[in-house]
């Protein structure tokens, strides 16, 4: 009798659980408590490390990575909160909004690193007319993506409140993520073009031939360094500077993992809010949480502040239409090094503000138009 009762209860448990979660914003899935608490701890540690690195290296653009850490912590707090109430809209929005936009800040920092690398290796390796153009173009693209996602989320929220279809809002939200993925795909092409130029093309130039052979690997970076920008040879050639030697590899790992994560998020929304991807947390764990963790840990170990000697070395981004190779060169490293920490920090701060000036003004104008649009529609209804 007891066995029969246990069997009956065992068969009913999945049905009871499904019924209890029928109002779940996660399509019936309950976020794993242990995993999400673990991620809060991990991101809390990474956030603390990046704050310390900012104070140690005074590399202004580290703030972008700190913003990512804060958003990831908040996002996983939202998922932990959702574990006890999967129908809580506040917890769900905290999770979705924070974890969705967090990679944008990491990519903003990465875009700026490519501009720095072009200054270190030479402008002739850049496909765009100015190193800062990479920051302008792709940060603007990310901001547009964020705005479109925000509009889509707003339309979904209004639809849920009014009890109408969320199809339009979903489509707008998907369009925002698609813009982000397309932007990253273009950046990846530019990034690999840059790597091809500094690792393959220079070796062809060095041997005055273009073989497609593994023999190119036998040519060391030291042998071809004369083909790079002379001014920063000390950054590239110092034997003990392993952080810089592997920095390009670290950047590649970070970009590819974040790109994988963004593709997953896009696929998740295309499948639907109650689709297979969003209702099976293992996909989120592997393709979102793990990818972002790998990217951030990589950028923590190979921090740009250490790679570029952020506390003592000035690498200003040259203005557009100015070729740094035509400027006076110096063999004296001391002319490049600046022992004034505050001065170097001010340089990084000015470059950060310059790179963000146009994107922020564009963002403000765009949001103003959106607000006016919703305001006019609200007045029309009244």
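For all residues, glycine too, the Cβ spot is worked out from N, Cα and C.
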Check: residue 32 and residue 316 same membrane side, Swiss-Prot record: no
219-239, 282-302, 303-323 - the one Swiss-Prot records as transmembrane segment: 282-302
The annotated transmembrane segment range in Swiss-Prot, which must be one of 115-135, 136-156, 325-345: 136-156
Local confidence of the prediction over the topological domain 'Cytoplasmic' (112-135), expressed as mean pLDDT: 88
Recorded stretches the transmembrane segment (172-192) and the transmembrane segment (91-111) touching, at least 3 CB pairs under 8 Å: yes
Number of helical, extended and coil residues in the topological domain 'Cytoplasmic' (193-241), per DSSP: 35 helix, 0 strand, 14 coil
Top partner of the transmembrane segment (282-302) among 35-55, 91-111, 242-262 - counted as Cβ pairs under 8 Å: 242-262
Contacting positions for the transmembrane segment (35-55) when only residues 6+ beyond its ends and CB under 8 Å are counted: 62-63, 65-66, 69-70, 72-73, 76-77, 79-80, 83, 281, 285, 289, 293, 296-297, 300, 303, 305-306
Tertiary contacts of the topological domain 'Extracellular' (79-90), as residues 6+ beyond its ends and Cβ separation under 8 Å: 21, 23-26, 29-33, 36-37, 40
Beyond the flanks of the topological domain 'Extracellular' (157-171) by at least 6 residues, Cβ under 8 Å: 269, 272-273
